[in-house]
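**Q** One structure coming up, written as structure tokens, with questions to follow.
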Amino acid sequence: MNNQSENYYHGAQFEALKSAGAIEMLGDGLTGDDLAAIPEHWLSYPAPPASAHTALALLYIFFTFAALVGNGMVIFIFSTTKSLRTSSNFLVLNLAILDFIMMAKAPIFIYNSAMRGFAVGTVGCQIFALMGAYSGIGAGMTNACIAYDRHSTITRPLDGRLSEGKVLLMVAFVWIYSTPWALLPLLKIWGRYVPEGYLTSCSFDYLTNTFDTKLFVACIFTCSYVFPMSLIIYFYSGIVKQVFAHEAALREQAKKMNVESLRANQGGSSESAEIRIAKAALTVCFLFVASWTPYGVMALIGAFGNQQLLTPGVTMIPAVACKAVACISPWVYAIRHPMYRQELQRRMPWLQIDEPDDTVSTATSNTTNSAPPAATA
């Protein structure tokens with residue numbers, strides 16, 4: 001931070017309050033590089049009460065436990081079970097690894113919250129933000145790759161299955177694509193990683209009022225949010241359109257044959273593929289929007305809008321949303337995979353999982369049933 005920044009922090013507007021000990025401000029007690037790393041915006045706010053830090057720490061402990069256990073089981077089962085090592089499931093495995101990384105950095109946040117501030121310093125901040133960049137951007141692009149895989153498999157059932165080599169190239173592409181956006185701020189070539197909110201978490205700088213910062217925010221928003229979101233919407237819209245058209249053709253043919261349905265397994269206990277795929281597509285889009293839209297909007301407001309809207313408490317909400325989705329994903333999707341549940345049932349009978357052998361689900365796992373787990377495991 002330059003001299004102007006330090007003068008701002010120690011300015012007359014806070015000196016009376018600080019000398020009287022009336023209000024503890026964010027950043028109090030920090031010096032040198034740690035103080036210089038904090039955007040001026042946060043230094044104008046009072047420190048949050050200890051109860052806020054405690055509540056967030058407890059919430060993150062719960063998220064961390066659920067995410068590490070859930071994603072850890074997905075990684076273990078999918079990587080050690082031969083029948084689950086299909087090309088499509090490599091993408092599910094990569095997504096679980098990224099979600100695991102997302103929450104593996106949570107102890108830094110929990111420690112900062114326990115110490116009520118920027119306790120880990122700049123080094124811990126850089127590690128936290130680097131892991132967040134790789135896991136966040138990588139998860140978005142992996143979701144886009146999964147959407148492409150599902151679209152290819154469902155719309156071209158005869159020749160749409162992706163080869164193992166192609167999927168591995170897609171996984172490599174995800175990590176290569178994420179690397180510049182993760183390393184450029186770390187090396188301070190373009191952008192930088194800074195504390196945010198209660199100074200217990202770190203992200204890329206979206207508050208410094210410079211052209212370089214604004215350009216970086218615009219580019220990373222486009223490449224890490226708009227691009228994968230557009231792909232996800234395009235591919236899942238294509239899936240829904242294809243399935244609805246197929247269902248309409250079946251109904252028309254059944255009408256011509258004067259039968260109620262051409263489906264052999266029609267019954268109240270079995271949802272049609274139309275409904276299953278529509279639900280999967282809607283849920284995938286919703287989770288991606290719910291997890292990253294708040295953060296994207298916050299970054300845009302910080303760079304181009306009214307920064308006064310971004311109070312420390314408000315900016316903690318997007319961070320919680322991202323962690324919640326990393327926690328929920330394995331439980332909502334991969335654990336619904338019939339073959340995955342059967343493997344859990346075999347290895348961990350004490351979980352009391354009741355998953356009967358379902359030959360229909362197994363046989364159709366390449367077309368409809370695999371869509372939900374591959375969406376955002």
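For all residues, glycine too, the Cβ spot is worked out from N, Cα and C.
Straight from Swiss-Prot, here's the annotation block:
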- 1-57: topological domain 'Extracellular' (TOPO_DOM)
- ASN3: N-linked glycosylation site (CARBOHYD)
- 79-89: topological domain 'Cytoplasmic' (TOPO_DOM)
- 111-126: topological domain 'Extracellular' (TOPO_DOM)
- CYS125-CYS202: disulfide bond (DISULFID)
- 147-166: topological domain 'Cytoplasmic' (TOPO_DOM)
- 188-214: topological domain 'Extracellular' (TOPO_DOM)
- 236-283: topological domain 'Cytoplasmic' (TOPO_DOM)
- 305-314: topological domain 'Extracellular' (TOPO_DOM)
- 336-377: topological domain 'Cytoplasmic' (TOPO_DOM)
- 355-377: region 'Disordered' (REGION)
- 361-377: compositional bias 'Low complexity' (COMPBIAS)
**Q** If you skip the near sequence neighbours and keep only those at least six away, which residues in the chain come within under 8 angstroms of CYS202 (disulfide bond), Cβ to Cβ?
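**A** In sequence order, CYS125, GLN126, PHE128, ALA129, GLY132, TYR193, VAL194, PRO195, GLU196 meet the Cβ cut-off.
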**Q** In the same chain, which residue numbers or ranges, 6 or more beyond the ends of the topological domain 'Cytoplasmic' (79-89), come under 8 angstroms Cβ to Cβ?
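**A** Long-range Cβ neighbours of the topological domain 'Cytoplasmic' (79-89): 146, 149-150, 153, 161-164, 166-167, 339-340, 343, 366, 370, 374.
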**Q** Mean pLDDT over the topological domain 'Extracellular' (111-126): what is the value?
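**A** Averaging the confidence scores along the topological domain 'Extracellular' (111-126) gives 94.
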**Q** Test of understanding: give the count of other CB atoms lying within 10 angstroms of the CB of CYS125 (disulfide bond).
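**A** By my count, 25.
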**Q** By DSSP, how many residues in the topological domain 'Extracellular' (111-126) are helix, how many strand, and how many coil?
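**A** Across the topological domain 'Extracellular' (111-126), DSSP assigns the residues as follows: 11 helix, 0 strand, 5 coil.
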**Q** Based on DSSP, tally up the residues of the topological domain 'Cytoplasmic' (147-166) by helix, strand and coil.
**A** 12 helix, 0 strand, 8 coil
